[in-house]
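Trainee: Please find one structure pasted underneath; my questions will follow.
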Amino acid sequence: MTTILKHLPAGQRIGIAFSGGLDTSAALLWMRQKGAVPYAYTANLGQPDEDDYDAIPRRAMEYGAENARLIDCRKQLVAEGIAAIQCGAFHNTTGGLTYFNTTPLGRAVTGTMLVAAMKEDGVNIWGDGSTYKGNDIERFYRYGLLTNAELQIYKPWLDTDFIDELGGRHEMSEFMIACGFDYKMSVEKAYSTDSNMLGATHEAKDLEFLNSSVKIVNPIMGVKFWDESVKIPAEEVTVRFEQGHPVALNGKTFSDDVEMMLEANRIGGRHGLGMSDQIENRIIEAKSRGIYEAPGMALLHIAYERLLTGIHNEDTIEQYHSHGRQLGKLLYQGRWFDSQALMLRDGLQRWVASQITGEVTLELRRGNDYSILNTVSDNLTYKAERLTMEKGESVFSPDDRIGQLTMRNLDITDTREKLFGYAKAGLLTASSATGLPQVENLENKGK
């Protein structure tokens with residue numbers, strides 16, 4: 001069976017991930033007119049720029065959908081977002097600022113839940129609006145086939161017939177109007193935006209040029225913290241975790257993770273927390289650029305890692321960062337549910353996140369400027385008295401440290417011999433450039 005269909009399968013049911021925007025509206029109407037039987041599926045991901053979800057399926061029916069369903073994906077999306085925080089599943093960072101993989105998380109949820117809904121309706125052909133140059137076409141492909149092994153893929157944007165007739169937004173708008181729908185193109189922005197409850201992605205158009213900065217972006221989850229005319233008073237906030245799970249903000253306990261994430265977004269968004277400008281490597285190895293918002297994810301991540309560093313030992317923290325970066329890359333590639341990702345997730349959640357219990361107090365200022373004011377946890381292995389510089393009872397004595405330093409002589413001696421060996425091989429010389437003149441007789445030993 002051919003998995004990818006290059007041309008419209010007339011007479012067959014096709015499920016389309018329907019956003020209600022111009023592209024998917026025109027595609028749905030075009031497919032209906034060409035003889036297909038389109039079914040529309042809309043994911044409610046809590047997008048901050050969507051005002052009326054209930055209206056989207058109604059529009060789909062007007063454009064010719066055989067049926068239209070709204071699938072509430074918010075609970076699952078937040079669950080996966082919290083799992084990503086617990087695992088540190090983020091691999092793209094620039095200057096200490098993190099991209100929280102909010103779009104890949106959204107695709108993991110959408111790609112599985114919508115295809116599962118289609119399968120319930122006997123729909124085994126799926127289309128969406130992803131283009132052949134991006135990451136989403138592969139993410140949706142993987143998640144769709146994981147959910148339904150019998151799935152076939154039809155994307156209007158890979159169909160030359162569709163492209164020849166409706167190859168651009170102007171043509172799509174004219175097509176909708178000609179068919180009796182008063183569909184006006186929205187005002188063109190200088191960039192494209194995709195969002196869900198966890199974060200927003202701004203990319204393409206003017207943002208493809210690196211001399212266009214964050215200053216051209218109008219945040220949808222935060223504020224223009226770079227604009228001095230925007231007043232942003234400092235704010236203290238406390239975040240509480242229990243066994244790796246965020247449960248309270250400013251003393252308010254949440255039993256609903258969706259409401260907790262919305263409140264975290266509101267708090268962080270008031271300051272523009274979590275905005276970052278990243279150059280990243282797409283799945284196909286070409287570089288792209290995006291400006292990201294994720295105020296709630298950033299707030300929870302900061303508090304989580306503060307507790308992490310105070311609770312776990314150095315080697316565990318190192319493994320958390322190493323495995324988290326690996327997991328973040330798998331998530332980015334659309335492999336969040338692959339076996340290697342599940343293995344990494346299980347270890348990080350079981351042995352790292354389970355011990356993260358406590359409360360962190362921060363002061364948020366402008367953008368990513370913040371201070372940590374207090375850290376409280378019964379699980380802290382940070383003990384001030386162990387290394388206090390004040391006089392008093394200590395957990396070890398000067399003689400203990402002398403013994404420990406004496407034991408270091410073994411590896412120091414070995415290291416000196418290695419340096420002499422490198423000099424003999426011509427790899428090192430006793431020059432100021434190498435910083436080795438302090439090692440006595442190095443040049444002589446190397447001869």
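Note that Cβ sites are derived from N, Cα and C of the backbone, with glycine treated the same way.
Per Swiss-Prot, the feature ATP binding site maps to Ala17, Phe18, Ser19, Gly20, Gly21, Leu22, Asp23, Thr24, Ser25, Ala43, Gly129, Thr131, Asp136, Asp194. The L-citrulline binding site annotation in Swiss-Prot covers Tyr99, Asn135, Arg139, Ser192, Thr201, Glu203, Glu280. As annotated by Swiss-Prot, L-aspartate binding site applies to Thr131, Asn135, Asp136.
Looking at the shown structure, what environment does each listed feature sit in?
Mentor: There are 17 other CB atoms within 10 A of the CB of Asp23 (ATP binding site), with all protein chains counted. In three-state terms derived from DSSP, Asp23 (ATP binding site) belongs to a helical segment.
The Cβ of Arg139 (L-citrulline binding site) has Pro104, Arg107, Ala108, Gly111, Ser130, Gln333, Gly334 as same-chain neighbours under 8 Å, each 6 or more residues away in sequence.
In the structure as shown, the Cβ atom of Asp136 (ATP binding site) sits within 10 Å of 20 other Cβ atoms.
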Trainee: Are there any residues in the same chain, six or more apart in sequence, whose C-beta is under 8 angstroms from the C-beta of Glu203 (L-citrulline binding site), and if so which?
Mentor: Tyr191, Ser192, Ser288, Arg289, Gly290, Ile291
Trainee: Nearest to Ala17 (ATP binding site) by Cα, among Tyr99, Asn135, Thr201, Glu280 (binding-site residues)?
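Mentor: It is Asn135, whose Cα lies nearest.
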Trainee: Within 10 Å of each Cβ, count the other Cβ atoms, then let me know which of the binding-site residues Gly21, Gly129 comes out lowest.
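Mentor: Output over binding-site residues Gly21, Gly129: least Cβ neighbours within 10 Å is Gly21.
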Trainee: Considering only the binding-site residues Ser19, Asp23, Ser25, Gly129, which residue has the minimal Cα-Cα separation from Asn135 (L-citrulline binding site)?
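Mentor: In terms of Cα distance, Asn135 (L-citrulline binding site) lies closest to Gly129.
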Trainee: Which of Ser19, Ser25, Thr131 (the binding-site residues) has the most other Cβ atoms within 10 Å?
Mentor: Ser25
